[in-house]
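Take a look at the structure set out below.
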Amino acid sequence: MECDKCGDDAVLHAAYSGLYLCEDHLCRAVEKRVRRRIREDGLVPDDATPEDPETWVIGLSGGKDSVVLTEILHDVFEQDPRIELVALSIHEGIEGYRDKSLEACEELTDDLGIRHEVVAYADEFDVQMDDVVEKDPEGMAACAYCGVFRRDVLSRYAEKLGADKLLTGHNLDDEAETALMNFLEGDVDQIAKHFDASLGPFADHDGAPTERTREEQDHHVPRAKPLRDVPEKEIALYARFRDLPAHITECPHAEEAYRGEIQELMLGLEENHPGTRHSIMAGYEKLAALAAEAYGGEDSEKDFGECEQCGAPTARDLCRKCNLLDALEAV
Ligand code: SF4
Ligand SMILES: [Zn+2]
Ligand SMILES: [Zn+2]
């Protein structure tokens, strides 16, 4: 088939839009959607100036999503002195997996001339994920531990690095899966939090949208996901065509069983009803804004105190991370 834009050989048929695209037009379409998302979310605030720039920390794992995110953000903001990019990678201590993907991160950030920080669980918590999986004091999936540690590292280091925003490489498939999981679990509170934590547009920028904007969070660096309009497959193709150093091996501990089921379901739905991921997100965003209106804001702020052990914001005496670390030590 031929590209609908230029007549060259098509490399992708995007069933949800009906378009056939060649390599070049596919890459341009991906970049365009990221730029539009940055604009619509109001990521660049009015008060960012070359003298007082914003710092954006990018969660860079070395997988295709975060590599593509870093590359595109660099292209968009390279000439814009209002935005400074810092890449942050995490070493979980997973034999034969993370070393390789960190090499990809090094290569990319060297290429682009972006500051790159690496934080290891071993240094921060004195644990390695391989040992955590072995001990498993709570009888949980590896990712449940890993996610708690990751969130802790990301928020502490985002603060340490002076981050105004924390950007991650979640794509359309990831977000639609999360949306569906929140629906199916009936977790309206979580949907409201999702809006204020990463989905809702920022208020402090020129031409702020008339719809609801997110509440400012006192306890967390605000997050954003500029790739969330781009399907996973297109990100993979982008990484390949732009010859980016993305690492593709899966983590040996990956076993988010429920998400796996949702993934299968979503693939089937998308195949039979192209555009399902987009329509889920369109509806979810509207509902999330309403849920945030009803559930978000002051009440969720009130609950926060400080963890007795580490000072992290938590609604309990000890934060979840300290709980897990105590449980691991007791084994
Ligand atoms: S797949 Fe799970 S265990 Fe592996 S790095 Fe990701 S969150 Fe951690
Ligand atoms: Zn073309
Ligand atoms: Zn703690």
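Just so it is clear, glycine is given a Cβ too, placed from its N, Cα and C backbone atoms.
In sequence order, C22, D24, H25 are the residues of the chain that are 6 or more apart from C6 (Zn(2+) 1 binding site) and have a CB within less than 8 Å of its CB. Under the heading Zn(2+) 1 binding site, TrEMBL lists C3, C6, C22, H25.
Other Cβ atoms within 10 Å of the Cβ of L60 (ATP binding site) number 29 in total over all chains. Sequence annotations record features per position, and here TrEMBL assigns ATP binding site to G59, L60, S61, D65, I90, G169, D174.
C310 (Zn(2+) 2 binding site) falls within neither a helix nor a strand when secondary structure is assigned with DSSP, and so counts as coil. Counting only residues at least six positions away in the same chain, the Cβ atoms of C319, K321, C322 sit under 8 Å from the Cβ of C310 (Zn(2+) 2 binding site). Among the features that TrEMBL reports, Zn(2+) 2 binding site is placed at C307, C310, C319, C322.
The compositional bias 'Basic and acidic residues' annotation in TrEMBL covers 203-221.
Averaged across the domain '2-thiouridine synthetase TtuA-like N-terminal LIM' (2-27), pLDDT in this predicted model comes to 97. Annotation source TrEMBL lists domain '2-thiouridine synthetase TtuA-like N-terminal LIM' at 2-27.
Among the features that TrEMBL reports, domain 'tRNA(Ile)-lysidine/2-thiocytidine synthase N-terminal' is placed at 56-188.
Among the features that TrEMBL reports, region 'Disordered' is placed at 200-221.
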In all the protein chains shown, the tally of other Cβ atoms within 10 Å of the Cβ of I90 (ATP binding site) is 22
Of L60, G169, C307, C310, the binding-site residues with C-beta less than 6 Å from an atom of ligand 3, in sequence order, are C307, C310
Judged by the number of other CB atoms within 10 angstroms, which among D65, D174 is the least packed of the binding-site residues?
-> D174
Candidates near ligand 2 among the binding-site residues C6, L60, S61, G169, C322, judged by a Cβ under 6 angstroms | C6
